[in-house]
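Per TrEMBL, the features are as follows:
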type	residues	note
DOMAIN	33-312	domain 'Radical SAM core'
DOMAIN	64-93	domain '4Fe-4S ferredoxin-type'
DOMAIN	94-123	domain '4Fe-4S ferredoxin-type'
């Protein structure tokens, strides 16, 4: 995270300000992926899927959350003393834990934590506040062919706010991209078409039963939306998050590549190798990481899978 949330004091009342406000959990500057050139990535909270390998678990729920970083804790127990709801206490293992049912997000534990062990993930911002951050690097966008990418989570979970931000970006002449899982009403995606230069569409698995097992949702709407976007003339890149033992079979890679190859406006097909960089965040949110025993592919494995995909679709890349 290179956008410091503490620049924006958390106030639950900010969600009730006039005009569309959105819940943003990160803004990353100087990114060189997810859309081309140097970009700013804006991450919105909320997602309809529950992917077991999710690298941003703090993005799943459409609401602010307390995240506790244990290795920062100095055991001063000030958070326990100050919490008006008594939601912070020692768990059975002698560690400080959070009763997330009792917690009312007052923020007292965060403001009192000098060590930075407690933080609230998510800030209610206006489109104007987001664009203030995006505007800081406009010179770099112009020189590199970059722009702004909205990601998540699933950014279409906040459709009005997303549309406001995209319109503001296009009014500035910026290249815009949206990273989406595709699980949204078609009307939501159709409304974005005029202000999105590139859709980055993830496909988790081509088999709908397996897709439901892995993400909690079937894939029919996702595949239909991707096809409709392409038929309507929207530029897109398809991305396959490659997870060992989950969706890396020859049959699924071939089916994914063939689906991509049939899209008339496809600009590329990206293999996104699985990694475990988000595992710690699952624990910091008080959740169990379902993929803790899954090791990433070797470089040779990833190259072999990419070559297999390349036999069925052009423009295969590794990474976003």
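Heads up, the Cβ atoms here are built off N, Cα and C, so glycines get one too.
Automatic prediction, not curation, is the source of TrEMBL annotations.
Across the domain '4Fe-4S ferredoxin-type' (64-93), DSSP assigns 8 helix, 7 strand, 15 coil. Same-chain residues lying 6 or more positions outside the domain '4Fe-4S ferredoxin-type' (94-123) and placing a CB less than 8 Å from one of its CB atoms are 5, 8, 10, 12, 14, 23-25, 45, 58, 63-70, 72-80, 82-88, 286. Summed and averaged per residue, pLDDT over the domain '4Fe-4S ferredoxin-type' (64-93) gives 90. Helix first, then strand, then coil: DSSP counts for the domain '4Fe-4S ferredoxin-type' (94-123) stand at 4 helix, 8 strand, 18 coil.
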